[in-house]
Structures are given as structure tokens and as C-alpha cells.
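Copied from Swiss-Prot, the annotated features are:
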- GLY32, ARG35, ARG116, ASP159, ARG162, ARG165, ARG168: ATP binding site (BINDING)
- GLY32, ARG35, ARG116, ASP159, ARG162, ARG165, ARG168: CTP binding site (BINDING)
- ASP45, ASP47: Mg(2+) binding site (BINDING)
Amino acid sequence: MKLMTMPSEFQKALPILTKIKEAGYEAYFVGGSVRDVLLERPIHDVDIATSSYPEETKAIFNRTVDVGIEHGTVLVLENGGEYEITTFRTEDVYVDYRRPSQVSFVRSLEEDLKRRDFTVNALALDENGQVIDKFRGLIDLKQKRLRAVGKAEERFEEDALRIMRGFRFAASLDFDIEAATFEAMRSHSPLLEKISVERSFTEFDKLLMAPHWRKGISAMIACQAYDYLPGLKQQEAGLNHLIVSLKDNFTFSDHHQAWAYVMISLAIEDPKSFLKAWKTSNDFQRYVTKLIALYRIRQERSFEKLDIYQYGKEMASLVEDLRKAQSLSVDMDRINTLDQALVIHDKHDIVLNGSHLIKDFGMKPGPQLGLMLEKVELAIVEGRLDNDFTTIEAFVREELAP
């Protein structure tokens, strides 16, 4: 198969391939970018594979950076762009089901492609637009099928994260997993416990943000892979609820909303501990737990002005988005009205601060000072007090009166 036109991302990188070939080596576009252009999807990263060894690659170009030279990768700075160029390689026995004990550089494109995870990711493209397909990836692409390269059992024993990648690609590409590949994923799912939580989180997160995320979750359920992921053991019912409780065309607005609703569906009692088990950042934990708290408030009643002040319009909108997807009552107009009615959106908007209370009222730093500032803040938010220096001073004076 030959491309009639090369996408602009590849055209810009063609001089890189030309230089490498003029130096006497082979060079191809490889991986996800080739797959995506054939599927007419947006291209993100342009990856180049070459028969030149790292030191040979560096000798060809003036500006290079060693970003992963032990694995054969050199970053080339050329034509205003950055390109990762990786030497064809084979990988020795894998350690802990996640990383090769040794990487060997080779001159053969086929040897390089045969170590990849799925056939649709094992395609290469030359400078003339000719697709190189050694493992029937084009047929799988046409039939929307995800199939492991070579023996599926070996691919998942080498790196068990490929199981999570399989779920993610099913979700992002809307592909069905080929039977033998699926069975190998199912039988090797216990190996997911050997994978770093951070790597599993990245794949699960991408799955949740994919347009066909239900397909990825359904495959995970069928494989019983969830039993080997943090906080998901014996959570088949909760994951099924996640799939069926939202409208068919619903996709999550952002990562916070997705993970919040996962925990809502699973009825997680301690969201922070759940997210800690996934080794997420403190900021991520803080935002998602607040989002769940606001969702639960909304289950009980309509939003009030204080809710919008404390949680923000954006977070309230994410909650309403989830409610709409469940065919529950939604009131975005109320959120906008309450937000517009707020005199302040943050305590730093208050014209008087702790320093004024210490200087003008002789208050001492400590709990009493903090409590007074909270009273001022609440009174302003609720509309009982103007955000005016003189008015606030009078309010404080009255509060301090014996």
C-alpha cells in the first residue's frame, strides 16, 4: 500500500529520513503515527526508526541530545523541530515482566518491528509513502482488529503493561481484540501486579478519556484484569454500573471527572486512599475528592451560593455534566446566576486581611484571628456584608464587642 499524499507532519520530517539514507542507512516512520495516518486520525508524535546506530546517527546531524541512548534513542533538533530517532533493536529476556534485561542494536527493520505489541503498531512508512507491513497489520487495521505481533503469550509475558495498552487501544480506536490475543491477555492478567502502578494509571487514564471507553472497560471486565489493579478487586458490579449508568454517547470532560465517577460507581468510601493506591499526585487527589463531595451535595439538594464559592463554577459544571448523562435534573442557569452574584470568588479578594485586624484591632495571630476572617468571608459570600473596608471594620467591631 502506498499513501497518495503524505501528511504535513511527515513532510516536515522527510529531510531527516533523506539525510540518514544519504549517509547509507535505512530510515522509516514507525509506530502509532503511521497507524493514525492510515486511520485518518490526528498525528501526535512522529517517531523514526533507523538502521544507523546511535553514534552513527549523531554523526549525521549537527544538533542532537542523548535522551535514551542506552535504548538507541537520539533526539535530533532539525528544521525547527525535535525528532526522536531510534536504532532498530531487539530485546533480550524481560525482567519482572516489564523491562528487557538487554537491548541489542540490529540493522533489520523486520527484527525491530517483530518486538512491538500489536500488528497495527508494527507498521512502517518510507520516504515515498510506501507502507511496510510485515505482520498483516493493514488487514487488522481494515477489519478494526487488535492482534498481538507473533505469539500473544510471549508479548504479554515480556511486558504485562501491554495488557492495559490493549484495553486502551480498544477504547481509543474502537477495535475488537482478536480471540487468541484476548485469551492471552486474560490468562496473563495476574502479571499486572508486577507492573508499576504509575504505568498502569497512565494507561487506565488514557482509556477513560478515550471516545469508546466502555469498550475498554468491558474488555477489562471480561479478562478479569480489574482484580489485579489497585482498589478494583472484586469490583465487577461497580465497573458494570460505570458502563451502563451513563448515556451511550457520553465521554468524560476531563481526567478529574472520569476518576470521580469511577469511584462514585464503585461506591468507594475513602476516595483519597483509593487515589493514593494509584499513586496519583496530591493535587489530583484534592481536586477529585472535592468533586465527589460536591456531587454528593448535589444529590441531596440544589446548589447554593456558598457551594459555588467553595467549589467553583467549573467543578459544579462537571457535576451537572454527570447528572445530565444519567438523565437527572440539571440547572446550569442556576450555577451561572449564583456565580455572577458572588461579590468575591476567593478570600484574597476581601479588602481587609489579617494584618489589618492585628494592627487596627489589636488581635493576636492564632485561632481567634482565623475565625474572625472566616466570619467576614462567609458574611460577604452570603450577601450580608459588603466588601468595603469601612463596612467590614464595623462588622468586626460588632463581633468583638462584649
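Note that Cβ sites are derived from N, Cα and C of the backbone, with glycine treated the same way.
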Original post:
What's the most sparsely packed of the binding-site residues ARG116, ARG162, ARG168, counting other C-beta atoms within 10 A?
Top reply: ARG116
**OP:** Could you tell me which of these binding-site residues, GLY32, ASP45, has the fewest other Cβ atoms within 10 Å of its Cβ?
**Re:** ASP45
Original post:
Which ones in the same chain are close to ARG35 (ATP binding site), with CB under 8 Å and 6+ residues apart in sequence?
Top reply: VAL120, ASN121, LEU123, GLY137, LEU141
Subject >> C-beta crowding around ASP47 (Mg(2+) binding site), within 10 angstroms >> reply: 18
Original post:
Around ARG165 (ATP binding site), which residues of its chain at least 6 apart sit with Cβ under 8 Å of its Cβ?
Top reply: ASP117, PHE118, GLU203
Subject >> Integer Å distance between the CA atoms belonging to ASP47 (Mg(2+) binding site) and ASP159 (ATP binding site) >> reply: 21
